[in-house]
């Protein structure tokens, strides 16, 4: 059976070339509506559905997807594509508005009434902020957004009060991970109000040496200041990763090549494999490609990291386990 993994990938991810370290960037804006209790305090589901209707009316050009009308597998696919958060699934009256290429989404009734997301691979944080801000302006023309002249935008979580903005960059950091530098880096940037998390944000697991770097606080700084400082933090981490890769290539080349080719051999020959192992093997193969140890046609790290997740493997109508299907996809696409 041939597996067309491209059907499971958002258009914005497919249309851009991959880079050695930066995988994607995201801007998220949290907003709430005046005269509505917050989502976690709804008395009935109807409170939530009223908010959904109001937000949908304000953004008529987006496609609405109500989570109560979707099965669990479809919801988890949207989590895997970063269109919604795992927390949104837990809400009884939740929805998401999505644009054509899925680079823009608006979650409704997560922790806050509205969470605007703009995502891209080769787009700067400032450009993404401009896109998210445009949606914010459109909402503001139709809805009464909670705002305080002294504090800024009012949010459910105190750490989001102010700009209500979380900026984040997803980085592939195999060198720093292999050399066990990530804990020290996380401690360092934490002192400046920035944090490193797993692939799906707070409390999520790290897969394939992939980390999300983002700001922690939004009060007392402008959107531009947050973006500029995060960009400096990310550039320093990228610099450190490049230095480590150079050292691995110069002083530990045989060991690094052995690691890369072992992972390549496993991915090309495995008959069953877990998500955790597959992600780390893919990461090491990508490292080998970036260091010019190997050349693979059409190797797409970002796309494969999405396509091998369980929600996309449960579609197949056969008796194979998820681990077997994952191995089939990897053998087929890594040649």
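Here the Cβ of each residue, glycine as well, is placed from N, Cα and C on the backbone.
Database features, via Swiss-Prot:
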DOMAIN    21-244  domain 'Phosphagen kinase C-terminal'
BINDING   24-28, 82, 115, 166-170, 197-202  ATP binding site
Mean per-residue pLDDT computed across the domain 'Phosphagen kinase C-terminal' (21-244): 93
Cβ-Cβ neighbours of residue 168 (ATP binding site) (radius 10 Å): 23
C-beta crowding around residue 197 (ATP binding site), within 10 angstroms: 17
Those residues of the chain, 6+ apart, with a Cβ under 8 Å from that of residue 115 (ATP binding site): 28, 29, 30, 31, 85, 106, 107
Same chain, 6+ residues apart, C-beta under 8 Å of the C-beta of residue 27 (ATP binding site), given in sequence order: 117, 118, 125, 128, 129, 131, 132, 165, 166, 167
Cβ contacts of residue 24 (ATP binding site) (under 8 Å, same chain, 6 or more positions away): 13, 82, 119, 120, 121, 169, 170, 302
